[in-house]
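J.: The ATP binding site annotation in Swiss-Prot covers Val20, Gly21, Glu22, Gly23, Thr24, Tyr25, Gly26, Lys27, Val28, Lys43. The domain 'Protein kinase' annotation in Swiss-Prot covers 14-304. Taken from Swiss-Prot, the feature N-acetylmethionine covers Met1. Residues or ranges marked as phosphotyrosine in Swiss-Prot (evidence: similarity to another entry): Tyr25. Taken from Swiss-Prot, the feature phosphothreonine applies to Thr179.
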Amino acid sequence: MDEGVIAVSAMDAFEKLEKVGEGTYGKVYRAREKATGKIVALKKTRLHEDEEGVPSTTLREISILRMLARDPHVVRLMDVKQGLSKEGKTVLYLVFEYMDTDVKKFIRSFRSTGKNIPTQTIKSLMYQLCKGMAFCHGHGILHRDLKPHNLLMDPKTMRLKIADLGLARAFTLPMKKYTHEILTLWYRAPEVLLGATHYSTAVDMWSVGCIFAELVTNQAIFQGDSELQQLLHIFKLFGTPNEEMWPGVSTLKNWHEYPQWKPSTLSSAVPNLDEAGVDLLSKMLQYEPAKRISAKMAMEHPYFDDLPEKSSL
């Protein structure tokens, strides 16, 4: 058992208030810590009978979160507790700090009123996202499932934190082959859609670009309902890729002959974004993964030059 797992029944320590979500590996509850009255998020992970001890996915998540907990833009894992379900099965509770809302709900609140998110708010959220991802990537961690729903935020302070690192995996060079049970389609990088088995931090940067565009327009930029449809949405905006635009693309496993589209201008998809913003977005949404801007370089981009409180974010 991981040394940090405390064998105290979680239900003695916490009062469940409501179910707030269903993660990849288990349910998430808003709960109150009885001793302090503090509100926390409890992520409940079931341990299957056929597994010896704690699932490797959970142990991986715990070790990653412990390592990343130092960063202000990664949701903090406060504790890990063991408990028993009604059926007497062992369950593990990951205790996280609780955040009131997430970027998906935040965008929806603007969309429902027909208003745009203020430019400086978008800048601040994007800077924090790039900063958090630069920290993860700097520690050899890919998120692989970035989307507005797992970017938690405090609406009072506009502090953003990256959550749900359940699918995160430490990457070391050379890149390992990965399974692709990852990512919600809308934020999925084209190399993943095309069946690449070697990928890098660039998959997260594509997702960051999609989130950026969505903050600007209140709508997801590519809304495919299948892997093929998702690719076609991307091709319609950026043109159907070829070997000249993206060397090696035609060797990817899922590559076929696709309809030929000519590129449109990116600014037409994000009409309210200024020139510097469009430039940064275009660097995030490059076809060729090696050409995509890194999170660290994105933080240095002129788009963020007029953000006053960078050092305090």
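Note that Cβ sites are derived from N, Cα and C of the backbone, with glycine treated the same way.
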J.: Just how many other Cβ atoms lie inside 10 Å of the Cβ on Val28 (ATP binding site)?
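T.: A count of 19.
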J.: Where's the emptiest Cβ shell within 10 Å among the binding-site residues Val20, Glu22, Gly26?
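T.: Among the binding-site residues Val20, Glu22, Gly26, the lowest count of other Cβ atoms within 10 Å belongs to Glu22.
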J.: Over the span of the domain 'Protein kinase' (14-304), how high is the average pLDDT in this prediction?
T.: 88
